[in-house]
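**Student:** The oxalate binding site feature in TrEMBL is assigned to 80, 85, 90. According to TrEMBL, the Mn(2+) binding site annotation covers 83, 85, 90, 134. Annotated domain 'Cupin type-1' per TrEMBL: 35-188, in sequence order.
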């Protein structure tokens with residue numbers, strides 16, 4: 001099988017998974033390599049976490065292989081906020097610290113959305129099914145580290161709060177007030193926060 005190495009070049013004719021493919025004779029080890037996952041990410045931001053993704057953007061040789069990886073660093077009490085991957089299932093392994101993780105099921109037969117959670121310690125593994133809203137929270141007073149495998153070379157990510165309250169242009173506050181059963185002033189405040 002010839003590798004379908006994704007590149008950003010319009011002069012090539014084969015277009016697969018949103019990437020033009022490099023001629024196999026031009027493929028080198030650089031198309032299948034990345035370094036730096038041993039370096040902790042900066043967790044000083046607003047939510048106290050940092051995701052370092054290794055996907056087709058960093059390793060062009062991942063194109064069509066259906067896999068990617070991420071390092072997730074957490075400050076004490078840091079959060080990887082509720083988000084979804086529209087094109088991938090995620091499996092996470094905790095390396096350091098204790099994480100409270102969970103996902104919300106899609107609508108069940110009775111219309112409910114059920115929260116599935118677990119506290120994870122080093123060596124524990126948890127799966128987040130494709131497309132479901134999920135999160136990871138560092139429960140400890142020390143930093144935490146996890147690695148995640150994803151079932152797509154380009155899993156995508158939609159962070160729920162950012163998408164809903166920080167869209168550009170903004171979603172009409174009347175829509176959000178009704179959908180979330182909030183006073184419009186609360187929606188206005190949340191939209192200004194993002």
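Note that Cβ sites are derived from N, Cα and C of the backbone, with glycine treated the same way.
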**Student:** Same chain, not part of 80, 85, 90: whose C-beta falls within 8 angstroms of the C-beta centre of the oxalate site? Give them in sequence order.
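**Tutor:** In sequence order, the nearby non-listed residues are 70, 83, 84, 88, 92, 128, 134, 136, 148, 150, 155, 157.
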**Student:** I want to check the contact list for residue 134 (Mn(2+) binding site): same chain, sequence separation of six or more, C-beta distance under 8 angstroms. What comes out?
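**Tutor:** Those within reach of residue 134 (Mn(2+) binding site), by Cβ under 8 Å and sequence separation of 6 or more, are 82, 83, 84, 90, 101, 102, 103, 104, 128.
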**Student:** Neighbour count, 10 Å Cβ-Cβ cut-off, for residue 80 (oxalate binding site): what number do you get?
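**Tutor:** Excluding its own Cβ, the number within 10 Å is 25.
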**Student:** Let's check the environment of residue 90 (oxalate binding site): how many other CB atoms sit within 10 Å of its CB?
**Tutor:** 25
**Student:** Once the chains shown are all counted, how many other Cβ atoms turn up within 10 Å of the Cβ of residue 85 (oxalate binding site)?
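**Tutor:** For residue 85 (oxalate binding site), the count of other Cβ atoms within 10 Å is 23.
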**Student:** List the other residues in this chain whose Cβ sits within 8 Å of the Cβ centroid of the Mn(2+) site residues 83, 85, 90, 134, in sequence order.
**Tutor:** 84, 88, 103, 128, 132, 133, 155, 157
**Student:** Roughly where does the domain 'Cupin type-1' (35-188) sit in mean pLDDT, to the nearest integer?
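**Tutor:** Looking only at the domain 'Cupin type-1' (35-188), pLDDT averages out to 96.
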